[in-house]
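Straight from TrEMBL, the features:
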- 11-91: domain 'Peptidase S26' (DOMAIN)
- SER36: active site (ACT_SITE)
- LYS81: active site (ACT_SITE)
- 100-142: domain 'Peptidase S26' (DOMAIN)
Amino acid sequence: MVGTFLRVPISVLQVAAAVHQIHEHFFQVQMTSGPSMMPTLNSGGEFVLLDKYHGRLGRCCTAGDMVVAAKPTGSRQYVCKRIIGMPGDVVFADPLVSDNKINVPKGHVWLAGDNVMHSLDSRTYGPVPMGLIKAKVIARVWPNPGWLSNSLEDYTPS
């Protein structure tokens with residue numbers, strides 16, 4: 001009887017541990033807010049699915065991917081931005097000014113919000129170390145669930 005009584009709590013603990021591992025190392029649903037990724041993401045907040053495994057340390061991230069990164073200014077905030085330049089790429093530091101190009105250094109990426117007029121991004125804090133990338137945004141969960149395009153072909157700054 002005691003053995004049967006302990007099976008349920010042990011099973012619950014095993015499931016909780018598995019869910020925790022998935023959330024911590026593989027996938028997470030996160031709410032976004034702010035106008036910097038409009039029109040791709042609404043400023044009022046949307047829930048997105050993060051791929052932590054492939055996003056961590058920039059694994060499988062390419063130009064055009066949306067990522068969540070630790071804000072490089074040292075605060076404990078995270079930002080959701082699009083990768084505009086990979087290491088070695090030459091990018092316009094500010095798409096509103098056509099004569100200021102920058103070479104993205106090794107081990108860094110250039111991040112920008114889709115809504116250029118309302119985004120604090122690499123134009124403000126410079127190239128971002130790839131180690132600050134925490135996850136790759138792969139889908140919108142709510143509202144309007146669906147996979148998000150990670151292509152610069154669809155990128156048109158507002």
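Heads up, the Cβ atoms here are built off N, Cα and C, so glycines get one too.
On a predicted model such as this, the values are computed, not experimentally measured, just so you know.
Sequence-distant contacts of the domain 'Peptidase S26' (100-142), counting only residues of its own chain at least 6 positions beyond either end whose CB sits under 8 Å from a CB of the stretch, comprise 28-30, 34-41, 46-52, 54-58, 60-61, 65-73, 78-94, 148, 150, 155-158. According to DSSP, the secondary structure content of the domain 'Peptidase S26' (100-142) in residues is 10 helix, 21 strand, 12 coil. It is 8 Å from the Cα atom of LYS81 (active site) to that of SER36 (active site). The average per-residue pLDDT of the prediction over the domain 'Peptidase S26' (11-91) is 80, rounded to a whole number.
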